[in-house]
Amino acid sequence: MTTIIDGKAVAKKVNAAIQIAVAQLVEQGVQPGIAVIIVGEDPASKIYVRNKNRKAEKLGMHSVVRQLPATTTQAELLAIIAEYNADKSIHGILVQSPLPEQINEPLITMAIDPKKDVDGFHPTNVGKLITNFPGKYPVANTPRGIMTMLHEYGINPAGKTAVVIGRSTIVGKPMAALLTNANATVTVAHSRTKHLKALAKTADILVVATGIPHLIDGNDIKLGATVIDVGMDRDENGKLVGDVDFDSAQEVAGFITPVPGGVGPMTIATLMQTTVELAKWSDLGE
């Protein structure tokens, strides 16, 4: 019997804990604050930013959304980031992707104070993650949210074979690092990987983050494996689907995340969790 990993339920639990933590911080004179900068008019980005803003406000946090025109220059964006770096009421800064072509995205990532890097993308924080550096620092929210879901469902990566399909800096690479740090044996696969589907079938834990609808189906999954579908795609009928063919996969998998309702809710919940932690570390020295 396959267990559906309910990301909404886990996110609800995380959000309840965040709400309590925010209230306690406010009592100590600290209101966690997040600034989200969006450049241009990308419809999906605007929806995502709106959802982040609503969730932050609902949890009692200070939330700022800075909407900038697509013609914004790199210098102008850097100046705004510098402004938020210096603003003590802002604990987390997020620059929404994609950015217009005139803006150098790595440079923007570098400009954010690592202690306010709520996305966990700054090279300083990525380096700490890769080296399993001791201490407190932000980690990419989607992979961290996935680790929370695994924990909630009693899935311990230690000693397991994990395959991560996708090598982005947003999901694939930090996911592989987190699983490695949790003592899994990890292989990262991508578009140039030979015998990809055969490799996928070796995984006890399979994470698929490619943006290719139904890349993986039940024939590519080891019996009883845990399948984490990070994809958020539209099929030919406009229906929201993942990178994994859910119907065939759930006939084989031991645990599986649905799309929607799996990884997505956890990404935003973890973003809020990280913002609260940044506030604690910054203002209370915890």
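Placed from the backbone N, Cα and C atoms, the Cβ positions cover glycine too.
Mean model confidence for the domain 'Tetrahydrofolate dehydrogenase/cyclohydrolase catalytic' (5-119) is a pLDDT of 97. If you look up TrEMBL, you'll see 5-119 marked as domain 'Tetrahydrofolate dehydrogenase/cyclohydrolase catalytic'.
For 141-281, the entry in TrEMBL reads domain 'Tetrahydrofolate dehydrogenase/cyclohydrolase NAD(P)-binding'.
Per TrEMBL, NADP(+) binding site is recorded for GLY166, ARG167, SER168. SER168 (NADP(+) binding site) carries neither a helix nor a strand DSSP state and counts as coil. The number of other CB atoms found within 10 A of the CB of SER168 (NADP(+) binding site), across every protein chain shown, is 16.
Here the binding-site residues are GLY166, ARG167; the one with the fewest Cβ atoms within 10 Å of its Cβ is ARG167.
Summary of the NADP(+) site environment: with the site residues GLY166, ARG167, SER168 set aside, the chain residues having Cβ atoms within 8 Å of the Cβ mean position are VAL164, ILE165, THR169, ILE170, VAL171, GLY172, LYS173, VAL188, HIS190, ALA209, THR210. The DSSP breakdown of the domain 'Tetrahydrofolate dehydrogenase/cyclohydrolase catalytic' (5-119) into helical (H, G, I), extended (E, B) and coil residues amounts to 60 helix, 19 strand, 36 coil. Note: the domain 'Tetrahydrofolate dehydrogenase/cyclohydrolase NAD(P)-binding' (141-281) comprises 53 helix, 26 strand, 62 coil (DSSP; helix = H, G, I, strand = E, B).
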